[in-house]
Amino acid sequence: MIDRKMSREQFETQRKEVLQSWPTGAEVDFDAAIALQRSIPKEKNFAHAMIQAEREGRTLLQPRAGVALVDEHIRLLKYLETEGEADLLPTTIDAYTRQNRYTEAAKGIEKSQAAGTSLLNGFPAVNHGVAECRRVTEAVSKPVQVRHGTPDARLLAEITLAAEFTAFEGGGISYNIPYAKNVPLRSSIQYWKYVDRLVGLYEEAGVRINREPFGPLTGTLVPPCVSHAVAILEGLLALEQGVVSLTLGYGQCGNLVQDVAAIISLRNLAQAYFSEAGFENVELTTVFHQWMGGFPEDEAKAFGVISWGSVAGRLAGATKIIVKSPHEAMGIPTKEANAQGLRTSRQIVNMLSDQGMLDSQAVQREVALILRETRAILEGAFALSSGRDPEEAAVRAFEAGIIDVPFAPSNQNQGKILPMRDNEGFVRIFKAGALPLPQDVLDFHRERLEDRAKAEGRIVSLRMVTDDIYAIGKGRLVGRPQ
Amino acid sequence: MIDRKMSREQFETQRKEVLQSWPTGAEVDFDAAIALQRSIPKEKNFAHAMIQAEREGRTLLQPRAGVALVDEHIRLLKYLETEGEADLLPTTIDAYTRQNRYTEAAKGIEKSQAAGTSLLNGFPAVNHGVAECRRVTEAVSKPVQVRHGTPDARLLAEITLAAEFTAFEGGGISYNIPYAKNVPLRSSIQYWKYVDRLVGLYEEAGVRINREPFGPLTGTLVPPCVSHAVAILEGLLALEQGVVSLTLGYGQCGNLVQDVAAIISLRNLAQAYFSEAGFENVELTTVFHQWMGGFPEDEAKAFGVISWGSVAGRLAGATKIIVKSPHEAMGIPTKEANAQGLRTSRQIVNMLSDQGMLDSQAVQREVALILRETRAILEGAFALSSGRDPEEAAVRAFEAGIIDVPFAPSNQNQGKILPMRDNEGFVRIFKAGALPLPQDVLDFHRERLEDRAKAEGRIVSLRMVTDDIYAIGKGRLVGRPQ
Amino acid sequence: MAQQEKRPYTIVLGVIGFDCHSVGNKILDAYFTEQGFKVINLGVMVSQDDFISAAIESAADAILVSSLYGHGEIDCDGLRGRCIERGIGDIILWVGGNLVVGKKDFTEVEAKFRAMGFDRVFPPDTDLDKTVQELIEDIEKRRQKKAEEKH
Amino acid sequence: MAQQEKRPYTIVLGVIGFDCHSVGNKILDAYFTEQGFKVINLGVMVSQDDFISAAIESAADAILVSSLYGHGEIDCDGLRGRCIERGIGDIILWVGGNLVVGKKDFTEVEAKFRAMGFDRVFPPDTDLDKTVQELIEDIEKRRQKKAEEKH
């Protein structure tokens with residue numbers, strides 16, 4: 001096993017720079033942070049909540065939420081905790097902070113104060129600083145995670161972990177490719193190595209912080225093998241830096257068999273690859289994201305989409321589900337709508353919690369397929385690196401299009417693959433680009449798509465992809481001609 | 001095959017009496033009714049819509065709805081058709097009419113006119129008469145069914161079928177045992193023989209009317225074998241009188257495997273028993289009722305229950321689903337809430353319509369169990385009759401407790417059986433009364449209940465039954481101790 | 001007097017009008033029986049006069065009326081008056097369930113049924129463990145008052 | 001003049017500010033290209049000046065701004081003024097998406113963005129087949145006006 005941990009010296013050199021990049025960085029005192037984190041009761045530690053749920057076979061519910069001002073944000077989280085019955089709380093970071101544009105974020109805070117309502121789409125944690133952020137975590141009784149989409153989240157991690165947040169979403173691939181335009185993948189992976197090392201340092205000091213690579217990527221018809229390949233690589237990168245509590249994610253595709261098979265295969269792949277790489281003491285858990293694509297505008301229909309996500313997430317046995325709201329089509333929800341989405345999901349998850357996971361021959365067949373596909377991609381990626389280095393593998397695989405995320409904004413991504421639903425709504429691959437899938441697998445995908453085209457009396461075409469993207473918003477799974 | 005059709009002479013003698021029992025009976029002109037029914041376009045015929053959906057593998061959606069006054073009722077149905085996107089429309093009859101209390105219904109109409117809002121819980125079709133009822137069916141573009149709960153629905157059937165309704169719910173058992181206190185079962189079966197014969201006469205005149213025994217019975221933890229036994233007997237009674245379009249029903253129990261197995265086994269049993277009795281040209285379809293028990297008061301949670309019902313109904317491949325509304329806990333919904341329930345269900349059914357039915361070993365196992373149980377009950381019932389007469393079998397089976405419906409109000413029912421959920425939420429039998437189930441089946445039920453009791457650290461008891469009845473309303477499937 | 005206090009609390013249960021919702025009624029019966037009450041359960045579809053006759057016959061402390069089907073407003077109208085006419089005007093009258101057609105603000109519903117002469121009005125999700133205490137208190141108060149009147 | 005009319009309709013597309021929602025942008029690009037437009041697609045995270053520079057370089061008829069992340073109100077403020085300053089004050093400016101934080105009445109949102117100088121404002125579920133006609137009409141009108149001004 002090759003030790004790829006960032007050296008303490010290297011870390012401290014960067015740290016100085018990171019903490020000086022914005023005034024609030026000066027508030028970070030690592031020793032004080034450790035002491036504070038140690039004093040947090042177990043039930044407020046995210047990693048603890050996740051592994052407990054996993055062991056007991058429970059599925060936890062977590063919303064997304066964040067507003068510009070601290071007191072408003074506290075009110076929001078408290079509401080989601082009481083009225084929404086959330087098991088886990090989020091703090092979603094605003095888009096300016098995600099791009100390290102703290103000056104713009106400051107303007108957003110000011111404008112929000114003036115307008116009396118949040119004009120930012122999230123909570124600008126860096127601008128607020130450690131002491132103010134701590135007010136958030138201390139005001140609530142549930143564990144709180146930082147959720148964002150930040151290619152360089154080093155300062156954000158320093159500030160929020162010092163402020164008693166106990167979980168941090170993201171990764172060098174999953175918070176670059178879908179969230180940036182031209183940040184070199186090598187850079188974002190380096191930034192995230194820092195974050196993971198920071199979490200590793202907390203771990204070494206006896207504080208377990210949960211890390212969660214962002215599973216859904218672009219959230220738009222991403223085939224499970226693509227997001228699984230990214231999840232495994234990011235998982236390895238995190239474990240290499242000393243992370244122990246790791247949650248791997250997947251965004252709902254909509255076909256129940258595929259969604260259940262995706263969570264089963266994700267666990268299976270993670271265990272195999274992590275163990276092969278020598279990581280035996282991983283606290284592995286999973287997260288299932290309710291449908292990330294377009295939603296129906298009608299709230300009653302949106303409740304249907306939310307419920308379906310909860311059904312699939314629970315029947316797949318995910319450790320937690322990230323919940324949408326009936327306002328999804330309209331952007332950021334009110335706290336009331338957010339709590340409604342949580343309560344609908346709660347009812348579903350509770351009613352299903354006594355019932356077993358879904359298992360069927362169809363699920364087993366699909367699991368076998370996803371395993372083969374993901375292994376083909378990962379082995380294709382590792383073949384480009386020496387010593388199975390996940391960083392090198394990721395960078396070169398993206399360059400070569402061996403990993404290719406559909407509809408991603410980043411110029412680090414080839415963007416040659418195109419997904420499409422088959423006749424039963426499974427997400428299949430229409431254009432495979434340079435994905436190194438076995439020929440019989442590619443043939444299988446093509447056959448399934450031809451079946452659908454035949455059923456619809458048209459030829460397999462780009463138009464079908466567009467139809468699929470808008471289908472759920474228009475009330476269906478497969479985008480059929482009207 | 002023994003011909004048990006009511007003779008035309010017997011029918012006409014009764015008819016005279018029936019039509020004289022309230023002034024609006026005089027409006028019924030059978031020849032004119034036939035002519036009118038024949039002129040209805042195909043797509044407004046309920047039987048046609050059902051068999052088309054069955055053949056195409058689609059699942060239709062139907063709400064419950066009815067108010068006191070004609071114009072208000074038309075507005076309600078038109079709203080459910082346009083804003084609710086309902087495939088099939090109902091006309092739910094008020095509780096006074098169900099007990100043939102037309103004088104009280106008249107008072108309800110008056111009070112409703114005075115109050116400017118409906119004080120009746122349904123549409124008093126008999127009081128309104130043929131011409132007024134026809135205004136309802138002619139104002140909408142979807143097929144309309146009469147839904148009620150009337151032990152003696154002879155006049156109601158005459159009036160509504162003459163007014164172009166094309167489907168009529170109910171049966172001599174299912175509209176007595178859960179809906180009356182002391183109407184002799186033999187009487188209600190006779191009343192319904194008349195209704196079925198009337199439908200047979202329409203059929204002979206070239207007009208197909210859909211008949212639907214009421215599947216859920218008391219809607220409260222009814223084991224599938226009990227409701228299936230009733231459905232088969234009522235199906236036979238209807239077919240004997242010349243009914244062709246027959247929809248058998250089942251009310252959601254809440255465990256997915258059991259619910260899917262229930263619909264599969266219901267189809268299977270119906271085909272076998274009907275064919276054995278010599279009925280080969282039956283247009284058999286199925287109806288799945290979303291959860292009929294207590295609902296959560298919170299609308300967001302109610303949306304979860306509604307969605308779960310739609311998931312189960314669709315994965316079971318039911319021909320239609322009867323839809324609840326988010327106001328369910330509060331009684332009769334507004335038209336807006338009713339349409340919301342429909343749209344949530346629509347989104348679910350549409351998203352699932354491309355996906356296959358659920359099949360798994362667990363489903364197959366449960367199907368086999370329900371088949372054995374139902375056959376045991378039915379054979380026990382038939383053993384009490386000569387020539388496998390379903391009427392005699394039903395009457396004697398209820399007397400003997402061989403068929404026994406939990407929580408029914410009728411004194412015609414022994415009320416000795418008690419159902420209870422097992423640890424996975426399957427409805428099992430706690431007290432079997434005189435149900436003639438094989439000993440190994442009874443042992444299996446008991447074992448499953450003991451497993452649950454063990455998991456909950458208590459003994460199997462009546463308290464668990466009560467807990468189960470309120471569980472979904474309180475946000476869970478199994479009523480566990482807090 | 002001591003003997004009188006030992007008399008079990010006696011209640012008449014039933015679902016009024018043409019309502020055949022039997023599940024809640026069976027549960028109320030089982031619950032109050034378990035709590036040591038003497039329960040005269042008339043089941044479903046009970047008329048006003050049947051309630052009163054049963055209450056007179058059993059010398060009941062209270063009549064607990066259920067209505068689930070939305071016609072409660074019509075069915076319950078005049079019940080207190082009928083009780084007065086038949087000589088049990090002071091009986092405890094409770095009503096609970098889905099009392100009106102549709103989703104209405106409960107405080108309005110409560111006001112309406114209190115105006116009709118019901119002592120307490122309950123929504124369908126009432127917690128029985130809390131309610132039973134109120135019922136005992138109401139009964140004790142009524143018995144005490146009756147006892148005082150006798151003296 | 002005849003030649004000028006044959007010039008393809010040229011539009012600049014992009015997602016403004018620090019918004020990286022790329023799916024809709026890719027679909028708009030594919031759609032307008034298929035419809036025969038010349039599409040200059042700047043992708044996601046486009047600044048106001050980038051939009052204007054691209055429009056000047058390509059002599060574009062219109063700028064179609066997308067914003068999905070709720071910061072549209074901050075990001076779009078002043079775009080028309082900047083166009084005027086840089087000499088393309090008459091360019092067609094469209095904006096669409098989830099323009100503000102949270103669920104707001106669309107007519108209010110529309111009024112707000114029209115007041116900022118946008119010619120048309122669209123919700124996220126806009127039907128492209130309808131919109132393309134409006135765009136052609138707007139462009140034709142602008143070209144005609146420009147032609148008339150020259151004479």
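Each Cβ is built from the backbone N, Cα and C atoms, and glycine gets one as well.
Curation plays no part in TrEMBL annotations; they are all automatic predictions.
In TrEMBL, the adenosylcob(III)alamin site is described by B:Gly66, B:Pro178, B:Phe295, B:Lys324, B:Glu328, B:Ile332, and among B:Asn121, B:Asn127, B:Asn255 the residue recorded at this site is B:Asn121. Residues B:Arg64, B:Arg98, B:Arg147, B:His148, B:Tyr175, B:Tyr179 are given by TrEMBL as L-glutamate binders; from B:Glu104, B:Glu169, that same site also lists B:Glu169. Proximity of B:Ile332 (adenosylcob(III)alamin binding site) to non-local residues of its own chain (separation of 6 or more, Cβ distance below 8 Å) is seen for B:Asn121, given in sequence order. Proximity to chain C (Cβ-Cβ distance under 8 Å) holds for the following binding-site residues out of B:Arg147, B:Glu169, B:Ile332: B:Ile332.
Cβ neighbour count for B:Arg147 (L-glutamate binding site): 24 (other Cβ atoms within 10 Å of its Cβ, all protein chains included). Considering only the residues assigned to L-glutamate binding, B:Arg64, B:Arg98, B:Arg147, B:His148, B:Glu169, B:Tyr175, B:Tyr179, the longest pairwise Cα distance works out to 17 Å. Classification of B:Glu169 (L-glutamate binding site) by DSSP places it within a strand. In this structure, B:Arg98 (L-glutamate binding site) is part of a helix by DSSP. Checking the binding-site residues (B:Arg64, B:Arg147, B:Glu169) against B:Lys324 (adenosylcob(III)alamin binding site) with a 10 Å Cα-Cα cut-off leaves B:Arg64.
Within the set B:Gly66, B:Asn121, B:Pro178, B:Phe295, B:Lys324, B:Glu328, B:Ile332 that the record links to adenosylcob(III)alamin, no two Cα atoms are more than 20 Å apart, and one pair reaches that distance. Taking every protein chain shown into account, B:Arg64, B:Arg98 are the binding-site residues, and of these the Cβ with the most other Cβ atoms within 10 Å belongs to B:Arg98.
In this view, the densest Cβ surroundings among the binding-site residues B:Tyr179, B:Phe295 belong to B:Tyr179, judged by other Cβ atoms lying within 10 Å. When the binding-site residues B:Arg64, B:Glu169, B:Tyr179 are ranked by how far their Cα is from the Cα of B:Glu328 (adenosylcob(III)alamin binding site), B:Arg64 comes first.
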